[in-house]
Structure formats: C-alpha cells, structure tokens
C-alpha cells in the first residue's frame, strides 16, 4: 500500500481508488473496504439500481405510472387529471349542452337533460 503522514506511517486507504460506486455516488473508504452514499433515485451496494418510484403505484383511477430517475409521471385515463389522476375532469365546464339544458358530468363524458318540452 501507499503511505502518508509526516513519517510515512499511515496506510493510504485505496478501496475507492477503482471508483466502485456508480451513478455519481460518493465513495467512503472504511478500512480495506468501502461504502457508497447514493444520490437520490439510486440504491444498492454500488448505487447501481434505479429506485422504482412507481412502486407502490402512485396513480389513481387507472392512470399509468412512468418511472424516471428520481421522478415519476402519471399518464391519466380519459376523464381524469392532476399529478396523481385523482381529479375528475368536468366535461360540463365548456357548457356543451344547449340553452336551458342541464349538463350532468360523468367520467370522460356528460349527459344533457333537456327542459320539459324540448328534445
């Protein structure tokens, strides 16, 4: 081993010399061994695995989770919105029914109820 100190009596720890930690992790010499301090989004002894932010599933109402490095996105089913697909989109917000009709919001749909005497 290499030595350091004023009288060259301290062995230089070289476990990190081969850069065993991955994905930008910090290597810490611990005697003849090393440990890796992972950046957010990674795990494993050498920080080699991407953390699956989609487990447990964060999306509601049939939304599909897309996993990235330290992030996720929910692709919502029709009729739902929001970061985790919990918001029911109000299809009546654009006033799709004719004058005097009442709009009833559904899931990705709406129903128009005509006033008496109109069809």
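Each Cβ is built from the backbone N, Cα and C atoms, and glycine gets one as well.
Going by TrEMBL, these are the annotated features:
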| type | residues | note |
| --- | --- | --- |
| DISULFID | 38-47 | disulfide bond |
| DISULFID | 76-85 | disulfide bond |
| DOMAIN | 12-48 | domain 'EGF-like' |
| DOMAIN | 50-86 | domain 'EGF-like' |
| DOMAIN | 88-119 | domain 'EGF-like' |
Checklist outcome for this item: Per the Cβ filter (under 8 Å) with a sequence gap of at least 6 from its ends, the domain 'EGF-like' (50-86) is approached by 39-43, 106-109
Next on the checklist: Just to be sure I understand the packing, how many Cβ atoms besides its own are within 10 Å of the Cβ of residue 85 (disulfide bond)?
Outcome noted: 21
Item to check | Helix, strand and coil totals (DSSP H, G, I; E, B; other) for the domain 'EGF-like' (12-48) | outcome: 0 helix, 12 strand, 25 coil
Checklist entry - According to DSSP, which of helix, strand or coil covers residue 76 (disulfide bond)? => result coil
Checklist entry - Per DSSP, what is the residue tally for the domain 'EGF-like' (50-86) in helix, strand and coil? => result 0 helix, 11 strand, 26 coil
